[in-house]
Amino acid sequence: MASYPNGQSCPGAAGQVPGVPPGGYYPGPPHGGGQYGSGLPPGGGYGAPAPGGPYGYPSAGGVPSGTPSGPYGGIPPGGPYGQLPPGGPYGTQPGHYGQGGVPPNVDPEAYSWFQSVDADHSGYISLKELKQALVNSNWSSFNDETCLMMINMFDKTKSGRIDVAGFSALWKFLQQWRNLFQQYDRDRSGSISSTELQQALSQMGYNLSPQFTQLLVSRYCARSAIPAMQLDCFIKVCTQLQVLTEAFREKDTAVQGNIRLSFEDFVTMTASRML
């Protein structure tokens, strides 16, 4: 028997937490535009979202109020993943992309970063290239699990790579999660402690025990005297929690807060939703 606390309400279709459709890419919120949706962390969950943007859209300017302007996740002011090379991506050489300009429905800044990250000029971002481009606040590379999860989410062609449209959606997705990470990093340490994660999940609408939160931190954090969660693990945990919550919601057709499953149904539901 699985359950969520009484009093928590299941969101309607407009607030549906995303799964991963057969196409293998992340659709974004249902009201997002474009082939890939908006690529932002979705609205809704089991419980109301916190005021001011978590699991929805941020306050004006794209950054939750009270967040610092300095780098989080190795993302300096003016753009993610370090500075662009002088003279634009690839210096002054024409490169793979020619002079065609930014493709339709692609964020111009994301397009510039796509060109910079696409080291082999193939027109796609591989797992290796993505991992090399992403760093946490302590300058460690994003872990393989999170990078592979994001490749699977935004790889519409199931080729193991992300095209420019998928990267544009991924870029927005990363920016939104970075903003949320900043908001919940109360002590501005550059990492999320067990207490901060508990507060974050609570404000996102999840009524989970401190013991469960501590389990998440111990599972996804590097061993240290004071375990804390870097941005890559924060993205992994919150995204996976959303996906599993949606799987639960689909089974809870009576909106009673509990479901009854056979062991095989449980394993199937979990395996089919793991990113």
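Each residue, glycine too, has its Cβ placed from N, Cα and C.
What Swiss-Prot says about this protein:
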type    : residues                     : note
REGION  : 21-100                       : region '8 X 9 AA approximate tandem repeat of [AP]-P-G-G-P-Y-G-G-P-P'
REGION  : 21-45                        : region 'Disordered'
REGION  : 59-103                       : region 'Disordered'
BINDING : D118, D120, S122, Y124, E129 : Ca(2+) 1 binding site
BINDING : D185, D187, S189, S191, E196 : Ca(2+) 2 binding site
REGION  : 195-275                      : region 'Required for interaction with PDCD6'
DOMAIN  : 208-244                      : domain 'EF-hand 4'
DOMAIN  : 245-274                      : domain 'EF-hand 5'
Shortest C-alpha distance to S191 (Ca(2+) 2 binding site) - which of the binding-site residues D118, D120, S122, E129: E129
Ca(2+) 2 site, defined by D185, D187, S189, S191, E196: further same-chain residues with Cβ within 8 Å of the Cβ centre: Y184, R186, R188, G190, I192, S193, A228
Under 8 Å by Cβ from E196 (Ca(2+) 2 binding site), same chain, sequence gap 6 or more: Y184, D185, R186, D187
DSSP three-state assignment for E196 (Ca(2+) 2 binding site): helix
For the domain 'EF-hand 5' (245-274), the number of residues DSSP places in helix, strand and coil: 18 helix, 2 strand, 10 coil
Other residues, Cβ within 8 Å of D118, D120, S122, Y124, E129 Cβ centroid (Ca(2+) 1 site): V117, A119, H121, G123, I125, S126, R161
Residues in the domain 'EF-hand 4' (208-244) grouped by DSSP into helix, strand and remaining coil: 25 helix, 1 strand, 11 coil
Cα-to-Cα gap, S189 (Ca(2+) 2 binding site) vs E129 (Ca(2+) 1 binding site), nearest whole Å: 28
Assigned element (helix, strand, coil) containing D120 (Ca(2+) 1 binding site), judged by DSSP: coil
Around the Cβ of D185 (Ca(2+) 2 binding site), the count of other Cβ atoms that are within 10 Å: 23
Cβ neighbour count (within 10 Å, all chains shown) around D187 (Ca(2+) 2 binding site): 11
Cβ atoms near D118 (Ca(2+) 1 binding site) (within 10 Å, other residues, all chains): 24
